[in-house]
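K.L.:
Below are the features listed in TrEMBL for this protein:
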DOMAIN    39-610  domain 'Choline/carnitine acyltransferase'
ACT_SITE  His344  active site, proton acceptor
BINDING   Lys420, Lys424, Ser425, Glu426, Lys427, Ile428, Ser429, Pro430, Asp431, Ser457, Arg505, Gln556  CoA binding site
BINDING   Tyr453, Ser455, Thr466  (R)-carnitine binding site
Amino acid sequence: MDRKQEQAEKARPCGLLKPTALDKITGRFQLHQEALPHLPVPPLQQTLDRYLLALQPIISPEELSHTQELVAEFRKPGGVGERLQKGLERRARKSENWLSDWWLKTAYLEYRLPVVVHSSPGVVLPKQDFLDRQGQLRFAAKLIEGILDFKTMIDNETLPVEYMGGKPLCMNQYYQILSSCRIPGPKRDSIVNYAKGKKQSRHITVVHNFQFFELDVYNADGSPLTAEQLFIQLEKIWSTSLQTNKEPIGILTTNHRNSWAKAYNNLLKDKTNKESVRAIERSICTVCLDAPMPRVSEDIYKSRVAAQMLHGGGSQLNSGNRWFDKTLQFIIAEDGSCGLVYEHAPSEGPPIVALLDHIVEFTKKPEVGKSPTVPLPMPKKLRFNITPEIKNDIETAKQNLNIMVDDLDIKVMVFHHFGKGFPKSEKISPDAFIQLALQLAYYRMYGHACATYESASLRMFRLGRTDTIRSTSVDSLKFVQSMDSPDKSDQEKADLLRKATQAHREYTDMAIRGNAIDRHLLGLKLQAIEDLVSMPEIFMDTAYAVAMHFNLSTSQVPAKTDCVMCFGPVVPDGYGVCYNPMEEHINFAVSAFNSCADTNAARMAHYLEKALLDMRILLQAAPKSKL
């Protein structure tokens, strides 16, 4: 991510949208959205050239020459490539965004693995200093007040527009994250959103001891409840759910999507269950009041919290204290551990982190004014009737989840030696520097480069989501091969380092302007499926499978808060790496699967730390060249 993008990802508000006379009719948000450019379809020849270039560092010369033949066939004038390209261009003319619907379906809604670990990211927040239930509930109350404060900006359409390199960004994702929920389906899931319209959500869901409650968060006059009022309501919830519910109904949401869809239809046959599930789906968000985490030593504490945020620690711990289909779930444990987990389909990380930054700042504010003294109604407990069949579904889900919990290997590393200040002082993009360190760490561990995914924001365009920055390049490979070679001088190595970071910046720039290759190739492939033509050879090629097998799946999610986002690997033998570069340190979360003998999260974190330090030593030893 280059500097411009980094600024945008930090979600710096740059002035509100100026109201105009039209506002009353169309609303500021819609006016803003309509002014944004459409996502372009990149030129076909450009994408094919760049595809061959991206393959160079990750496949053998023999495989590459075979792929070159297939690409030559695909790009012939009047050939299949041109036909599909014209189809894509037609689609782009007729829609707001030629990619967004396709992407939502293929990346999320049709993805059948559980959302837990495989799709939903978590966020680890700094440990809070409360140590008991009183502190837990006071913090939860203040956090809910902060969420409602942010929701007011969304409802009034006064959310400051974000900019990237002087260009306004699409704000649509902010309008999708509250009052929404994923619904399982047998082949494809769907999303419901209750943020707009007459039936607007007025409640949140609170879960404690595996029991779900509907908590109305607005007074009769429409004003949000104060932290004091919310605390009183949370106390009521706490004292009526002291015993753990025997059946953790929420665990059903952790299952494989097809199994969950079957269980969901089963569950909803009962009228009481249906009403309870609908109340969860309609709620603004979920707040999970967790049991304390098992005590662990300081050095593994953050890694354990990351696991808690991603999966809840298993059926014996807090995994039943969730509804994983809910877009936003804030997690607050009795021991001060806290964070969130979110369902990925409606949004990327940056809007979630911007909301989080707002809430964290809000929780630091002192209480203002007196709370209304009106008596508040008892929060409604959501009841479930458990049939033997549902009990069976819960047992199966528990077993499957516990296997996933045991399989996830996650390490949170706080890199203390320097933050983004150092690469900046060397006039290098911090993101490019970190990505290159990842390349070096991987190469030192495995002796070769791999396909690497870094997400790039397409929010410069209307309804834009992401494209891929392919961090493994010809230049990155040249650098990592030279780094431990005795034949190269420090100066040569430093020049190669700078050249590789420059190449990364250029790819990033290209990606955020809609000119990367991954979504374009996906579009051509989906166009072929839609046109019912036989699948072009280029997509049946081994090289394409290698290019799409991301052993390193990475994302920079900067925040003002000293937090870190985390997610699971996207392939069985891969790593998930997320990082938040702060001024003086960098927070990393590295994940892998225990079931793969070749990967190890702590080992990767160790190699990453060494790579960052070695790259700093190298730059300090070699004077800046005229590159």
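Quick reminder: no glycine exception, Cβ is built from N, Cα and C everywhere.
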K.L.:
Near the Cβ of Asp431 (CoA binding site), how many other Cβ atoms are there if near means within 10 Å?
P.N.:
28
K.L.:
I'd like to know which of these binding-site residues, Lys420, Lys427, Arg505, is least surrounded, judged by other CB atoms within 10 A.
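P.N.:
Sparsest of the binding-site residues Lys420, Lys427, Arg505 by Cβ contacts within 10 Å: Lys427.
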K.L.:
Taking 10 A as the limit, how many CB atoms besides its own sit near the CB of Ser425 (CoA binding site)?
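P.N.:
That number is 10.
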K.L.:
10 Å Cβ neighbour count around Tyr453 ((R)-carnitine binding site)?
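P.N.:
A count of 25.
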K.L.:
Within 10 Å of the Cβ of Ser455 ((R)-carnitine binding site), how many other Cβ atoms can you find? Include all protein chains, please.
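P.N.:
That number is 21.
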K.L.:
Centre the Cβ atoms of Tyr453, Ser455, Thr466, go out 8 Å, and tell me which other residues of that chain have a Cβ in range of the (R)-carnitine site.
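P.N.:
Same chain, not in Tyr453, Ser455, Thr466, Cβ within 8 Å: Glu454, Ala456, Asp467, Thr468, Ile469, Ser553, Ser555.
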K.L.:
How many Å separate the two farthest-apart Cα atoms among the (R)-carnitine-binding residues Tyr453, Ser455, Thr466?
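P.N.:
Output for (R)-carnitine binders Tyr453, Ser455, Thr466: max Cα distance 11 Å.
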K.L.:
Of the recorded positions His344, Ser455, Thr466, which sits closest to Ser429 (CoA binding site) by Cα distance?
P.N.:
Ser455
K.L.:
Would you count the other C-beta atoms found within 10 angstroms of the C-beta of His344 (active site, proton acceptor) for me?
P.N.:
20
K.L.:
So what's the mean pLDDT when you look at the domain 'Choline/carnitine acyltransferase' (39-610)?
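P.N.:
Mean pLDDT, the domain 'Choline/carnitine acyltransferase' (39-610): 95.
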K.L.:
Give me the count of other Cβ atoms within 10 A of the Cβ belonging to Thr466 ((R)-carnitine binding site).
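P.N.:
Excluding its own Cβ, Thr466 ((R)-carnitine binding site) sees 23 Cβ atoms within 10 Å.
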